[in-house]
Amino acid sequence: MVHSQLPVAGPLRLLCALLLLPSATMIPGGLSPRSVTDPDVQEAAEFAVQEYNALSANAYYYKQLRIVEAQSQVVSGAKYYLTMELMKTKCAKTTGKPKVYKEIQNCELPPKAQQEKLTCHFQVWSRPWLGKIELTKMSCN
């Protein structure tokens, strides 16, 4: 009986070794947690806020309060998965040139009783060698 279990020992050792690897080990093509302060994460977040304001039908701009969570994935470039909090500002969207991110971030917030906060999930795909960055998914509530 002991003799029949020997072929299982090799794969069992491999499985045990894999289970002992740190959970943060990077898997090619897999999602990796990222620091919300990383410059490329900040750039993706700025782009997401800019696009949210361009695409939304809201009469006022929303600014970034904070990045709650960031992950990235290597997929012919980098795809960023961001969870962010946005807050409605007192800056109205007017006809003409839209505000850029830094201008939006300088907009004042309404009084506490009138504040509207959103939690948004964004996917941003960056391909810097092509000079392209796209918002591929957006949902806010």
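Glycine is treated like the rest: Cβ placed from N, Cα and C.
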Query raised in the report: Looking at Swiss-Prot, which one of Cys107, Cys120 makes a disulfide with Cys91?
Result: Cys107
**Report entry** Range annotated as motif 'Secondary area of contact' - as stated in Swiss-Prot, picked from 73-77, 98-102, 128-132
**Finding:** 73-77
Report summary line: One should report the C-alpha separation between Cys91 (disulfide bond) and Cys120 (disulfide bond), rounded to whole angstrom, as 20
Requested in this report: Just name the winner among Cys91, Cys140 (the disulfide-bonded residues) by count of other CB atoms within 10 A of its CB.
Outcome: Cys91
Requested in this report: Let me know how many other Cβ atoms fall within 10 Å of the Cβ of Cys120 (disulfide bond).
Outcome: 19
Query raised in the report: Gly29 (site 'Reactive site'): which of the disulfide-bonded residues Cys107, Cys120, Cys140 is the nearest Cα neighbour?
Result: Cys120
Query raised in the report: Three states by DSSP: which one describes Cys120 (disulfide bond)?
Result: strand
